[in-house]
Amino acid sequence: MCLYCYLCTRPTVCAGFTQTHRQTVCEGDGTVCGYSSNRMSGGALGIEIVLVFFLPLFLLHRYGHFRKQHPLVLFGTLLSWYLCFLIVFILPLDVSTTIYNQCKIDNEKPRSLTSSDPSNQTSNSSVFPTSTPKVCHKPWSYIPDGILPVFWRVVYWTSQCLTWLLLPFMQSYASSGGFSIPGKIKTALIENAIYYGTYLVIFCSLLIYLAAHPQWQLTWQGLQTISIAAANTWGLFLLVLLLGYGLVEIPCLYWNSSRHGYLLAKTYFKAAKLSKEKSDAEENMDDAMEEVANVNESIGYGHPLRISIDTILRKCPMEIQEKMVRPNTEDSEEESTQRTYPSKRSLVKLHKQVICAGQRHSQTQVQWAILLEEAFHLEDVCKNETNTSHQFVHSFLSSQPPGWLGKYLYTPTIEWYWECVLRQWCYRMLALLLSLLSVAVVWSECTFFSTHPVLSLFAIFIQLAESDYNYLYIEMACFLTILFLCVCVYSTVFRIRVFNYYYLVPHHQTDAYSLLFSGMLFCRLTPPLCLNFLGLIHMDASISHQQRIETAYTTIMGSMRLLSFIADGFYIYYPMLIVLLCIATYCSLGTRCLNLLGFPQYISQSDDLTSELVEEGRELIRRERRNRQRSEDRESRKRGWRERYGEQRNVRRSRNGYSELKDNDSPSDNSDIAQLTRRESGDHTGLLQDVDTTSLDPSDSPTQRYAGGRYLSLASSRTPIFNNV
């Protein structure tokens, strides 16, 4: 067994070791020690690239609609989310690979100093060196040199082209009310003219600023660095706002989720707000459909604008389309001259109005159904807390039959213990854990610039793991830290609502504009988020000012020392504002400001407006519960009558048929039965025939077709029933 490993550069001195291609092999047993082999080992990178794809695909399936939305919208959103998640999941591998490369460089420094000093070579007659170098074990997820820089360059610049150029154009294209592709492109270019013009002015100003300072060389690399610095500065400005909100809101959300009374009161509050939004959406839908009906009546099938009207009608609900069916006749010349026809621009505006109204109406309907189920479930939880049988009882039966998991594992007893006992304690423990992580992030954001001593908690954890070269711990610590930061930021992106322009609604109800806008935010927030994380663990040399090898990600970002006022000023001191944002979020300053501006927000039940909306929502939920209870009682009565009288009728028919077959067992009886069947079928056929109201003769044949609209009787006799009176 090899007792000592050393990267030997002098075969005459190191007789027991053989060096091949930067690796040390013990000649005793042939084991590789110290430096591992230089095989191409990018399997971990390939596996993560494939597995990460399913996460944005799942989110897009939850929020988007694969059948109704345009394929370009789905592809743009999926690609933007996928690139951002790739950065988050691959960055820990970059950190572990960088630490391994730093270990190799540190081992080469003592040998270079020893070989350069001849006195040390002559004085040291031992076979082994006096200073033992560190053993650098290659990480399991090692990525060879040259792969990560290309990978980061492709991912970063693709995401930046999406967020600054393509996605804004696709937003305007998707929300346009044009009827043709050239019309939508024209509308999108006009709407984004100011947007792209602002970029052009900023870029020209940067060129003039660089040309006016001769100490800065106007090179392509310098332009890239300035562009990246500008994009990261804008992203960091928004990142601190969202992160300061999420660091406090996420732990509070889980803590409040353990309080059933708080959840139920907030659900009542949401019901009152959503009821008003639903009524407004229905009114907007009715107004839009009324205008569509007027336009549909005014434009005939021979008019050139009829194609546009048909396009608008296809965006309307199916029941409204059936009501607006117009006779396929062309208008006469007099009618066409007397009517006033809408313009093309007004039809484009109406088309956009119909699309927005339909989307908003569908969103409110789905949200209302989901909120009702949530309110009913919370009320059931409150009722079952005092249940002594320890079995969870639901007020209404589920519309879907329970699966094998619900039958055998998630039984009513287990459901009672989870909903009434265990869930609140699990949520409280999770809230405390998230609170500790939030405190650690806030402390590290305020102290990450200090390298002597090291005050950042995450930098201390990584350096402790680096001393032992525990690459698995390094990658897990990096991944969990980035994951927590992403949850705080991305959850705010998914929960934030900008009136009705941007709102991510689950259950396939998010519109194209909101999907593309979320993709833009992801691409702008993820690069500065990862740079901020590298600063927290002291892996960004432009912030920590340490003489060590940089990660491949920071090399693609460029040296921020070119812009010293950004690297030494904004990137260090601006994240400290996160303390003020956390305090403001904890005191609900933003919520109170919105409440004062006329946007009702849930504060506490002591507030008058909040208590009024809670009571209103409680009455709405009670009314919906009574309606559903009546409908279920009606269905149960129908089912009971159907089962009761259906079984009696089947038993009577089976008894009669059995007695007839037993008593009349001759061949002639079969002909009688066939004749009876033909007679009954003839009577039933006559039931569906039309009857002439002017001449109703009882001697007529039952197969005669009448012109009236009356139905014949089921009785076999054709004699009028009042003849014997």
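Including glycine, each Cβ sits where the backbone N, Cα and C put it.
All annotation found in TrEMBL is predicted automatically rather than curated by experts.
Model, not experiment: these values are computed from the prediction.
According to TrEMBL, the features are:
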type     : residues : note
TRANSMEM : 40-60    : transmembrane segment
TRANSMEM : 72-91    : transmembrane segment
REGION   : 110-132  : region 'Disordered'
COMPBIAS : 114-126  : compositional bias 'Low complexity'
TRANSMEM : 193-212  : transmembrane segment
TRANSMEM : 232-256  : transmembrane segment
COILED   : 271-298  : coiled coil
TRANSMEM : 425-443  : transmembrane segment
TRANSMEM : 472-493  : transmembrane segment
TRANSMEM : 513-537  : transmembrane segment
TRANSMEM : 572-589  : transmembrane segment
REGION   : 652-707  : region 'Disordered'
COMPBIAS : 691-704  : compositional bias 'Polar residues'
Long-range Cβ contacts under 8 Å made by the transmembrane segment (513-537), restricted to residues 6 or more beyond its ends, are 60, 63-64, 69, 73-74, 76-77, 79-81, 83-84, 87-88, 91, 95, 156, 159-160, 162-163, 167-168, 170-171, 174-175, 231-236, 238-239, 242, 441, 444-445, 448-449, 456, 458-459, 462, 478, 481-482, 485-486, 489-490, 493-494, 501-505, 543-544, 551, 553-554, 557, 571, 575
Which residues, given as numbers and ranges, are at least 6 beyond the ends of the transmembrane segment (425-443) yet have a Cβ under 8 Å from it? 243, 247-248, 250-252, 254-255, 257-258, 455-458, 484-485, 488, 536, 578-579, 582
Recorded stretch that, among 72-91, 232-256, 472-493, has the most CB pairs under 8 Å to the transmembrane segment (40-60): 72-91
Taking every residue in the coiled coil (271-298), the average pLDDT works out to 91
